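According to TrEMBL, the protein carries these features:
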TRANSMEM  A:6-29  transmembrane segment
TRANSMEM  A:36-56  transmembrane segment
TRANSMEM  A:62-84  transmembrane segment
TRANSMEM  A:91-108  transmembrane segment
TRANSMEM  A:134-158  transmembrane segment
TRANSMEM  A:189-210  transmembrane segment
TRANSMEM  A:264-282  transmembrane segment
Amino acid sequence: MDLFLTCIVTGVTFGLIYALAGVGLVTIFRTSGYVSFAQGDIAAVALYIGIAAYTADVPYPLMALIVVGAAGLIGGLIGGLIVIPLERHGLLTAALATIGVGLTIQGIENVTINPEPRAFPSAGSRAAFDVGPVTLSVADVTAAVVCIGLFIALALFFRLSRTGTAMRAANDNAEAARHIGLSAYRLKGLSWVLGGALAGVCGLFVAPAYSLSPTSVNALLVFGFATVVLGGFDSVLGALLSGLIIGISTNLIAAYVAPGAVNFGMYVLLLGMLLVRPYGLLGQRPLERV
Amino acid sequence: MTTLSVIDLQGGYRESVPVFSEVGFELDRGAIGVIGRNGAGKTCLAQTLSGALTTTNGSILLGGRAVEHLSPRARVSAGISLVPEGRLIFGQLTVRENLEVAVHAAGRGEKRIAAMEEQFPILGHKRSMRGASLSGGEQQLLAIARALVQEPTVVILDEPSLGLSPIAVDNLTVALRQVLDEGEVAMVLMEQNGELLTGLCHSVLLMDQGAITGTLDMGDPADQDKLFESYLGV
């Protein structure tokens, strides 16, 4: 029973982080219609900047802000200068460009800095409180609270804010958006800044567990991608729900089946979902007149 | 001051290949029509007026101010809104969100949305429905309302009757007549539907292969006959 409860609680804490990684992808997808494969690499650069600041005795909270800000800035630059301009050649070209950008970043990191894995500081390893048999650390609780707060904020932003509605409009019909005077470039650029910043936040939570190397935070992308496929590409709430499902189910598989079966189990889950509900748990099936 | 003056205008999809040239007209109030066959250059003219295509020569004066160098966004703020060909509403957004996003893009207040829902009650009833679920005629009303909430002084309508049933065209004529009678906006109406043109416009420009070949006075029954004879094969 204790093992089962442990799986559930750690599953929830990890699931929230997966979900946040998924929301970073949703944010860019909602304005642009494709997924950014450079999220992990954007986070990695920001985390290297963060670790440099931390070694120079910058306190953790300030370092965390620097990481999030840097990730947002890098995301905005990559989106605004490279990926969005490439959209004129098609969305597939733009999506592939994000892979190219990611690999380029990894290459630059490998030659300019020591690519050996380094330990990354966490928000605090002290015990915060117990949930059943599991003792949650300060870092676990911080991650959960920040994730939930960001979810609520983002869901409200997309649903209620003017900019959020405009972002959905630009994705729905780019030509119409231009005719009524929306600047698609500005809206897409903003989604890249947001998506980058979210990648930075996720990076802060996963880097202490995975340590930091040019490729280690890319695990973020795998789980984030699984999350949006399961939850629906355009749904913030879907990402939350599916992040939790993936977090809990992968923990259960690792504990009761075999740790090596985690990825297998996750892909079975994804394929099953694609067969039954191709738009995901809460994804909107696009309405069309025929 | 004339509301809209178009002087010696030239435009096209590529700078080196003009689709229309030497187009000129003045619009003070009411509606002016532009009739022409497919490929005559109507859509190109509409999009050059709205800023979606660049002006290669000539000028567009809105209330005396030159706007031909402005982006579509800046022209919407200045007071030119477009109802694009094929409606191009936001299908995945609700009716209400379609109007809100237009208001915000123009930097106007939301008070006109309520007025528009009163004028076109169907948009009020279907406020929370997604745009794609509306019928063709309702979508056209939504596209027109989306332009009008931007509080323009001139609305360019590009073939609003396209793909609509005869009854929907009648309803459209009534709705646009109502808007014109309020006197707050002037309209440039690109059309092939003679009924809509005679019902709304005081004069109609004949457009053929990118040039204005004549002007018909809709107050003159002889000119009305000429419109139907020469362009509609009646």
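Glycine is treated like the rest: Cβ placed from N, Cα and C.
Here the transmembrane segment (A:189-210) has long-range neighbours at 17, 20-21, 23-25, 27-28, 30-32, 36, 39-40, 42-44, 46-47, 50, 64, 67-76, 78-80, 83-84, 119-123, 139, 143, 146-147, 150, 163, 167, 216-217, 219-220, 224, meaning same-chain residues at least 6 beyond its ends whose C-beta is under 8 angstroms from one of its own.
Panel annotation: around the transmembrane segment (A:36-56), residues 21, 24-25, 28, 62-64, 66-68, 70-71, 74-75, 78-79, 83, 95, 98-99, 101-102, 105-106, 109, 113, 118, 120-121, 192, 195-196, 199-200, 202-204, 207, 212, 214-221, 224 of the same chain, lying at least six beyond its termini, place a Cβ under 8 Å from a Cβ of the stretch.
Within its own chain, the transmembrane segment (A:264-282) is flanked in space by residues 226, 228-233, 235, 237-238, 241-242, 245-246, 249-250, 253, 257, which lie at least six positions past its ends and keep a Cβ under 8 Å from the stretch. Same-chain neighbours of the transmembrane segment (A:6-29): 35-36, 39, 79, 131-134, 136, 140, 143-144, 147-148, 150-151, 154, 171, 191-192, 194-196, 198-199, 201-202, 205-206, 220-221, 223-228, 231, 233-236, 239-252, 254-255, counting only residues six or more beyond its ends whose CB sits under 8 Å from a CB of the stretch.
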